[in-house]
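Scroll down for the structure; my scribbles are underneath it.
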């Protein structure tokens with residue numbers, strides 16, 4: 001599970017930061033990539049990475065401001081010409097279906113793969129045997145959501161060496177034991193799968209704030225998260241301005257991470273007014289409250305390891 005930041009700027013593209021998009025690479029887990037937001041030129045940013053558009057399985061949109069969605073029609077269209085045959089599901093607030101379908105319709109675009117557009121509310125928006133994705137409303141002046149991606153616990157590994165030591169050779173019986181079944185061997189011995197399975201591996205959690213003022217729902221999304229990705233549009237000296245524009249300061253992002261007991265904070269959605277050393281000041285302001293903080297930059301990668 002890896003994060004790749006395709007765009008980390010705010011509002012409009014800048015020379016050093018494109019507008020918002022984050023890829024959650026789940027290549028080992030499910031051979032796919034999920035995107036969170038898809039600002040203008042996201043597909044161009046992808047060209048500078050190893051991501052293959054055909055591997056993009058899901059796109060989660062936080063809200064419908066242009067710097068988060070203007071890249072969506074182009075990417076959805078281009079995926080048809082880049083080997084995309086598998087289904088693509090787009091999740092977002094009310095209006096995402098009209099926006100995307102209208103853009104594709106008036107441009108005469110016909111995708112060659114199953115495209116599903118789901119307008120979401122609060123609660124579980126996706127769940128399978130591996131992951132559960134939860135959305136909650138955040139404070140941004142228009143309908144907007146943050147997301148929590150929670151990996152389900154992975155069953156422990158079968159202790160093959162211990163089985164060999166008691167004379168149980170690899171074969172179909174291993175799968176039964178791995179499933180936790182009780183097995184009677186040919187020699188009459190009975191063994192229990194639970195005795196040969198290691199402890200489960202804790203699932204990982206990553207939370208996305210989207211654009212928002214500080215609010216309780218972001219804390220709920222980020223509770224005990226391995227990583228919280230939180231917008232930091234303003235420095236702490238502009239706290240009032242941040243509130244007026246429904247954004248957060250880096251200091252407020254850190255306060256949220258601390259109160260949610262997150263393990264790591266990654267700042268993004270950084271205004272073009274902050275360059276070079278000014279970005280370091282944003283990080284320092286956050287670190288004073290939540291030490292394990294970094295500021296993302298375009299193409300920054302972070303592996304979310306199991307703990």
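Numbers run from 1 along the shown chain.
Backbone N, Cα and C atoms are what each Cβ position is placed from, and that goes for glycine too.
Pulled from Swiss-Prot:
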type     : residues         : note
ACT_SITE : 67               : active site, proton acceptor
BINDING  : 63, 65, 140, 211 : Zn(2+) 1 binding site
BINDING  : 67, 68, 211, 269 : Zn(2+) 2 binding site
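A sphere of 10 angstroms centred on the C-beta of residue 68 (Zn(2+) 2 binding site) encloses 26 other C-beta atoms. When the alpha carbons of residue 140 (Zn(2+) 1 binding site) and residue 68 (Zn(2+) 2 binding site) are compared, the span between them is 13 angstrom. With respect to their backbone Cα atoms, the residue listed as 'active site, proton acceptor' and residue 269 (Zn(2+) 2 binding site) stand 10 Å from each other.
Counting only the Cα atoms, the space from residue 211 (Zn(2+) 1 binding site) to residue 269 (Zn(2+) 2 binding site) is about 8 angstrom. Spacing of residue 65 (Zn(2+) 1 binding site) relative to residue 269 (Zn(2+) 2 binding site) is 13 Å (Cα to Cα, whole number).
Note: the CA-CA distance between residue 269 (Zn(2+) 2 binding site) and residue 63 (Zn(2+) 1 binding site) rounds to 14 Å.
Ranking the binding-site residues 63, 65, 140, 269 by how many Cβ atoms sit within 10 Å of each one's Cβ puts 269 at the top. Summarising the environment of residue 211 (Zn(2+) 1 binding site), the number of other Cβ atoms within 10 Å of its Cβ, over all protein chains shown, is 27.
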